[in-house]
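Taken from TrEMBL as is:
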type: REGION; residues: 1-88; note: region 'Disordered'
type: DOMAIN; residues: 39-427; note: domain 'PUM-HD'
type: COMPBIAS; residues: 50-66; note: compositional bias 'Low complexity'
type: COMPBIAS; residues: 72-88; note: compositional bias 'Basic and acidic residues'
type: REPEAT; residues: 141-176; note: repeat 'Pumilio'
type: REPEAT; residues: 177-212; note: repeat 'Pumilio'
type: REGION; residues: 475-508; note: region 'Disordered'
type: COMPBIAS; residues: 482-495; note: compositional bias 'Acidic residues'
type: COMPBIAS; residues: 496-508; note: compositional bias 'Basic and acidic residues'
Amino acid sequence: MAAKGEGSNESRKRKSSSSAADGSKGEKPSNPKKVKLPSSSSHPNKGPNKPFKSSKQQSQQQQPLKYKSKFGKSDTHGEKTVPKTKRELRLQAKELAEARKKKRKPHYTLEQELASLWEKMRQRNIAKQDRSKLVSEALRKMKGKIHEIASSHVSSRVLQTCVKNCSQAERDAVYEELRPHFITLACNTYAVHLVKKMLDSASKKQLAEFISFLHGHVAALLRHMVGSVVIEHAYQLGNATQKQALLLELYSTELQLFKDLVSMKESKLVDVISRLGLQKNSVVRHMSSVIQPILEKGIVDHSIIHKALIEYLSIADPSSAADVVQQLSGPLLVRMVHSKEGSRIAMLCIKHGSAKERKKIIKGMKGFVGKIANDQRGNMVLVCILSIVDDTKLVAKVVVRELQAILKELVLDKNGRRPLLQLLHPNCPRYFSPDDLASLDLSIPSLCTKANAKLFFPLYQGGLEVNSDLDKLEKSSKVGEDVEEDNSDTEDATTESDKRTNEGGKKDPFLRRQELLVNSGLAESLIDTCIESAGELLRSNFGKEVIYEVATGGAGGILRPNLDAKLEALYEAIASLAAQPNSEEEEEEEDHLLENFHSSRTIRRLVLDCPTFASTLWKKALKGKCKTWAQGHSSRVVCAFMESSDSAVQALARKELQPLIDGGILKLPESKQLEKQVKVSKAK
């Protein structure tokens, strides 16, 4: 015990001596138990604003924490690590992405190999043999897996290039492998392009087999945004019989189920109903169930749908037909006018639509009027609008304004000039074919008024031609029990039919033309264009018709007398060009106006039909120079003065031309010589 006490006393003495040494001499320290705080630099995790940590936490922090990273490498906290560069981080991310793709895509490695081959084979400057080797290698790698990788974004492109450049034997092998999977691939966003490429290079036998595979799936695929493209492509490539087979499936359930019924010669739905004894009401219901989802999804670009629609409208009841017209009235119609049936549907919607629906149709064309005018089929839709719609302010604001901005382009275009010619000379057989004029007279049977039904039933063409009496059709189709039901529907819809007249607008046609052509300023701009480009238009095969109609003042003299001064300026411009000397020594890019094939005949017509122009031309270009122009194409122009029915025009030229005729220098046409001989004989 003593030893222990002594040890404790000695320790106390040492502590007191050490504390005394720290303080000042003879003074008691103010805080003998003060603990020295560690500085911020003494510990890496402690700073002036960081909280204290217990000894347990400090001991845990001092021990390095080990974990395994995503890349399989162990990392250690607490040790000084060199930060990774951006390049290393990118490579690390790339490795991770590659690992994920390999796990997700079973054929990822194969796709990478095919992509490298594709980059070589699709080059333009590669030799044909080298490309064939690359194509064969790619097909060898894909063999047995083509249907699996055809849906890939990259592999489908490789397959398209291979199908395009491979041999016929290799192409047939690809076809055989894809044969059981065509319907599935037709609905894939990427594989659909491969299917189209296969159809383009398919033989007649393969195409017929592919169309037979589509039996029973046509309606379902047409409702699919991607699958409808394949149906349309097969429809365009097929012959008349194959087209009919695809189309008939949309008419009836029986035709969809039984393949043998599809092979028939009748092309029109009315004839099919009569031949097979189908019930008209059941056909209407089935077609409604097929067509309505297609219209709701806006899949209206395909010609097979246009054909089905126009056949549907030929048998639809008033309410169903009115629903279709209402659904199509708007921007959807712009996407349909490129086909023959689509343009006719557009004209039917304009003809039978209400004022509100017509307004939607015209407003939906805003920004597309120029393209529609230049389209082979779409130009007739504009012709229909200019001939029917009474709201001339709206038509002038949307249609005429856009036509006015591209007048010269329209005048020189075969299709674009037609809307202008319709305003200048409506329904002229010289500018519109019988088929075009018949399309303007089309109408929907169920929306015709009873008074006009007899007039319009015989005019139906291209799917709308029906029997003049639908009751006979129903009786021959063994649907006598449905006749009363149809008649009651017609009576209920009398009011709707009266609203949707088929006679077009109520405004006077001449007044409508005047408002659209003269009052809108279109005629003045058109004359200015003709003055500026008179030579080019006269020499053009298409522009000459427009400049002729403008120079003669239009049908009914619609441009007179408001624009007489402008027309005089046009006559002066043409006469000035005709008055230019014909220099044979110098090589000219263009023939002289009187020597050119097109312009000489147009000027001849103007001399015969427009005495004012004939007088201007004679005085400014031909007087005293007829002998120069008595040979070649120009002789037709000179002779026209003697052929003119206007005595004043004949009097101008007789004194100079008669000696040329008597001398045999100028020869009149045979018809004119016969008339002259008859007159002489009568005088005797």
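Cβ atoms here come from the backbone N, Cα and C positions, even for glycine.
A quick note: this is a predicted structure, and the numbers were derived from the prediction, not measured.
When the repeat 'Pumilio' (177-212) is classified with DSSP, helix, strand and coil residues number 28 helix, 0 strand, 8 coil.
As a summary of secondary structure, the repeat 'Pumilio' (141-176) carries 28 helix, 0 strand, 8 coil according to DSSP. In the predicted model, the repeat 'Pumilio' (177-212) shows an average pLDDT of 93.
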